[in-house]
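Student: The structure's right below; bear with me while I get my questions together.
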Amino acid sequence: MESADAIEQPGDPPVAPLYMRESAQVAAVSFVMFTATFLVTQTAPIGRPIGGWFERQLGRSLDKRALDRTVSGFALRLATFLHNLIVIPLALWALRDPALWEDDLAGVTRLSEVTLGVATGFFIFDAAACGMRLKEEGFQFLMHGALCALFFTLTVLTGGFHFYGCAYLLWELSTAFVHLRWLLYKIGKADTTAYVVNGLTMMASFFGCRIVWGTYVSYKFFVLSALYLGDPAQSHMHLTFWVLRGVCVGLSGLNLYWFGKMVEKAFELLAPKKPPKAVPVKKEE
């Protein structure tokens, strides 16, 4: 017996491909799950104890607005941590399948569909949350969330680019150290050895995952996409390729900018402090 998806009657409205519907369903569940995590963590029964913990670590009380902002920042990072806990192992496992390496533009597996569906829902949430917290997170994080949301949404809509989607998710291996740095700073541990060690680990993982691996993956995509852009038979995909190229450039630029800031801060932190220059005092006559 044929499935309903295989039967199309004349005059029926167009039906989205099965892969698109399934990935979109995963993305929708993912969006709801991470949004709920973000919002519920800020509610009084959960947010109040979290705020109290921050105050105890600091040894002082915070005004309500500052405390609410801190709890909101913690909630966003908790949702991000849960996302990475899910998608990084899935992406690593998906990349073990030769199907994604043999056809890195059209290769698709059931696992890669689930992985990128989860990532799509999360980054749509992340872009919205960073927009809500624009003053605290800054424009660069909003840009990061929006570009990632665009990239992963295109993997769902086209059913392709799964190798690159899974490969780019490995960038998130460095995110845990970025968030630990935020946490240590918020509880007043910015002058501790733990803060310095975490910062150096953050730089090393960021360089390996985002600069080295990220540049390799982006170069691979640019080289291969150039072949398709030069093929008139693939003209229906040219806009998608150019959009994805723009996303790659934008995200790679952000990574280079952030890494440059890390190096700058590391030099400031580790460089020997120069004694202040003596100010000559004019002798009174």
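Here the Cβ of each residue, glycine as well, is placed from N, Cα and C on the backbone.
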Student: For the transmembrane segment entry in TrEMBL, name the matching range from 15-35, 141-161.
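Tutor: Transmembrane segment, as annotated by TrEMBL, spans 141-161.
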Student: Within this structure, do the transmembrane segment (74-94) and the transmembrane segment (239-259) have 3 or more Cβ pairs under 8 angstroms, counting pairs 6 or more apart in sequence?
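Tutor: Answer no: the transmembrane segment (239-259) and the transmembrane segment (74-94) share fewer than 3 Cβ pairs below 8 Å.
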Student: Over the domain 'TLC' (69-271), what does the predicted model average in pLDDT?
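Tutor: Here the predicted model's pLDDT, averaged over the domain 'TLC' (69-271), is 94.
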